[in-house]
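Quick look at what Swiss-Prot lists:
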- D6, I7, G8, N9, T10, N11, T12, V13, T132: ATP binding site (BINDING)
- Y100, G107, A108, D109, R110, T185: substrate binding site (BINDING)
- D109: active site, proton acceptor (ACT_SITE)
- D129: K(+) binding site (BINDING)
Amino acid sequence: MLLVIDIGNTNTVFGIFEDQKLVRDWRIRTKRNTTEDELNVLLTGLFTGSSVALADISRAVIASVVPPVERIYSAFCKKYLRCTPQWVSPANCAGITIRYANPQEVGADRIVNAVGAHAKYQTDLIVVDFGTATTFDLVSADGAYEGGVIAPGIGISADALFSHASKLPRVDLMTVPETVVGKDTAGSIKSGIIFGYAGLVDGIVSRMITERGRPHKVIATGGLAPLIAGVSATIEAVEPNLTLEGLRIIGSSAE
């Protein structure tokens, strides 16, 4: 079986593939001060009750945007999985051409999303990923990563508002407001964040398409993708497992 790991600034996602089937997946908070032994305890616990054991894992593919933990994950794979992990990089991206001025600047998560999206759709694409940052990545029909846009993420933007405005309460961002015009402070904040980000998405996507001069299919991934997609005029599909699928494809291409 293949273990895929997406190490993000906020969350780390683990997925287990048997051939092309995603068997299980888990999302945890990213810890920068963990050890390979703690990772073993954590994953052993996650696997308990599932049909998978650590001994079933023969390979690992990892995408990371958190350099301080990479040595720890490498040590875990070597010590407990008896394998050397495959790390996603511009030189290891399943045939995707990177047309960035400096390919080394492209985050592994963005590369993986491009791989997964191109494999599924084979057309001009814009991939919107709602993570710690909200990223917009343009992938051409011929499988090239053309570049993109990086904006502050929904979570960190909301945190900045709450931390700098003492009288504003924290609000639940997991549901869409019934109306744009809020009737109380909490409703007004929620409306501003959710509809504001939908407007940001639609505005940036529209500008990207205008600049390119032709239609692009727009897909979204990340934790809040279903929420924003529901009020966006441009997002056409939500792919919750896009990053894991991209990691699987990169792993398969190296066999």
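Cβ coordinates come from backbone N, Cα and C, glycine included.
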Cβ neighbours of G8 (ATP binding site) where a neighbour is any other Cβ within 10 Å: 22
Densest Cβ neighbourhood among T12, D109, T185 (binding-site residues), 10 Å radius: D109
Alpha-carbon distance [G8 (ATP binding site); G107 (substrate binding site)] in Å: 10
DSSP state at A108 (substrate binding site), helix/strand/coil: helix
For the ATP site built from D6, I7, G8, N9, T10, N11, T12, V13, T132, further residues of that chain with CB within 8 A of the site's CB center: T30, V65, V66, D109, G131
Around the Cβ of Y100 (substrate binding site), the count of other Cβ atoms that are within 10 Å: 14
Distance from T10 (ATP binding site) back to A108 (substrate binding site), taken between C-alpha atoms, in Å: 15
